[in-house]
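See below for the structure under consideration.
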Amino acid sequence: MTSVTDGGRAVDIALLPEPKSVCFTGGTVLLPVHGLVAQTDAVAAVDKDSLVARTLLRVLEERAGLVWDLRRSDATDCLIDLGIDAEAAPQSYVLAVSEGDDGPMVRITGGDLDGLRYGVATLAQLLGTVGAALPVGVIEDAPAFPVRGYYLDLTRGRVPDLTHLKAWVDRLAACKYNQLHLYVEHVFAFRGLAQAWRGSGALSADEIMELDGYCADRGIELVPSISTFGHQYMTLRTDAYRDLGEFPEDADRPFSFVERMEHHTFNPLEPGALGLVERMIDEYAPLFRSRRFNLCADETFDLGRGRSRAKTGEIGVGTLYADYLESLCEHLVDKGLQPMMWADIAVNHPEALGRLAGRGILLNWQYEPDVTEDRTAQIAESGATQYVCPAVHCWNSLAPRLDDAWENITRMARYGLTNHAEGLLITDWGDFGHINDLLMSVPGMCYGAQCGWNGGDVDRDATERAIDRIMYGGTDGFVHDLAALEPCTTFGWPDAVRYVELAADASRRHDANGPLNVDLAVSSDYWAATADQGAARIADAADAGEGRRRYLDAIADRVLGTGRCDAIAETGRRLSVDLAAMHGAFGGDDSTSGHGSGLARTVMLAVEGIRLFDLAGLYLLAAYGIRADETVRALAEAGCGDAFETAEALDCWFEAYARRWRETSHEAELRRIADVVWTLADVLRKHGGLAPA
């Protein structure tokens, strides 16, 4: 953040991402209400519709109240000049503000059209801070990573409507991103797959093409991205294609948020699998301008465990994986498309990495906050082109894990630069129904913008102050306060989902003697770290009730965390004050802005939701008699009513949550989230915190 003096007043200027060089020399120039913007012939040649210049005209009016017009370079009285310097680096720009005695007051020169666009974006942020009174000086800037992408999950339950997808594109463009992937398993209306996508809010071809054009106009490449190997949950549950998987016998298992994440991989030895995927590619790729195609192909958990087991015993998982991926890569290359794929399987199988390193771009996802450089260096040594792919850390939570996001993103950006990665791709996932609202991803998206432009050696406090100013209207401290919210969680959304889904029979979820979902129990042993604690294995439980008891016992230390009730109350108070200041600055809410009443509802729903789920966890401990004395003390500390009141509050909370969901997203899988919340509430009603459920 840079301070300038205007008429004796110090003004802090926030720019995000922070430019490489900012030199304000003192003084300001006041842009007039009416003026002219000139674009050179070089600009007109590459921006025939004058999209960048028209963006600037709109920004001048919206942020400074100025009504300007556009001229070509032969206009001699233009006060803002837009040009391109072919000798400058791609994506670079220079923004110069001068007294204007012998030329334009403002001159923006890009190394190419993208650079010019980024210079205009920086001017837009200046106008948002100081209005028409621009500081005299020069900004010189260029990005650290050529590709700065965002990866948005549309598959796990939430499909934003087109209006809100476009609003997200606008945010990305303002932060100088230049690539967007939408993660699709079944949420596109593929021909012949209606049984997979019905009721999901699936995007149509027309919507994809409209969004693609919208992105292109803002300098963002919309890259097609579909799951082509693992993560075939809905496709492999259809009547037509269930036999293409490793475990066709699992096709009729009850729906499970957890199982959707862990199973359902194509059997690559089944010719129909490759044929289906190639047809999907051929239908989907032509909707995009991009000449890249993301095959995904990550987390093929079932590969070699089912129908391909005998073959993998002969040739190995890595070889079978590479055989299938090479076929898909050849199909893409034949169509003039550059393959992209997640790198997690290849890096664990050297034979696959060696074969795939030259086939396309490897997307190196690693989400650990304390991630090391090893894998990034391994991929670099293979000779592969890679993007490093950290995460905003919002999945499975009502509030973002911002400490984790900062550590993860900054580390991966540093490793990427050191190992010459071509891009930084920020991922935003929605596991277990996508309970996380997209507005909660804004800080993490901004972390990614800062690191994509400057690398990972950036200052967190300065970055968050810039986010507060630019994204939230000057309310210092909001991002800091938001970071304190998620750590208040003691019994979170994943705990609620696992508790409910440990019952194998959805119709008997209230029956303590009902059958246990053993597959999910094995996963829950890992999640709850029963082995590390020396606790009883959940997978060995005789029934669902005992499995739930063991799960709760394994997480009891967390659920009983002391001081959390006071912490969430104080955090909620601070956030409420922050939000009130924003609402005063921005007035109402158009539900796409990121501030105003839409953000206020999202944040306060998160505060209340975390509080209620935490209480539900305590009442479940009480129901099973787990650490009874501590549970009684924790409930007393919480100062709440009884389990019935908490159940009522959960139901009311969900109705408000659902209203907010419907403001931004298709109905999609909202009902599946409802099933978990309602089951939890009914358990509390039935047992009142006194008997097992």
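The chain as shown is numbered from 1 upward.
Any Cβ shown, glycine's included, is placed from N, Cα and C.
As a summary of secondary structure, the domain 'Beta-hexosaminidase bacterial type N-terminal' (13-142) carries 38 helix, 47 strand, 45 coil according to DSSP. Annotation source TrEMBL lists domain 'Beta-hexosaminidase bacterial type N-terminal' at 13-142.
A mean pLDDT of 98 is what the model gives for the domain 'Glycoside hydrolase family 20 catalytic' (145-384). Annotation source TrEMBL lists domain 'Glycoside hydrolase family 20 catalytic' at 145-384.
Per TrEMBL, active site, proton donor is recorded for E299. Under a cutoff of 8 A between CB atoms, and with a sequence separation of 6+ in the same chain, the neighbours of E299 (active site, proton donor) are G230, H231, W342, D344, I345.
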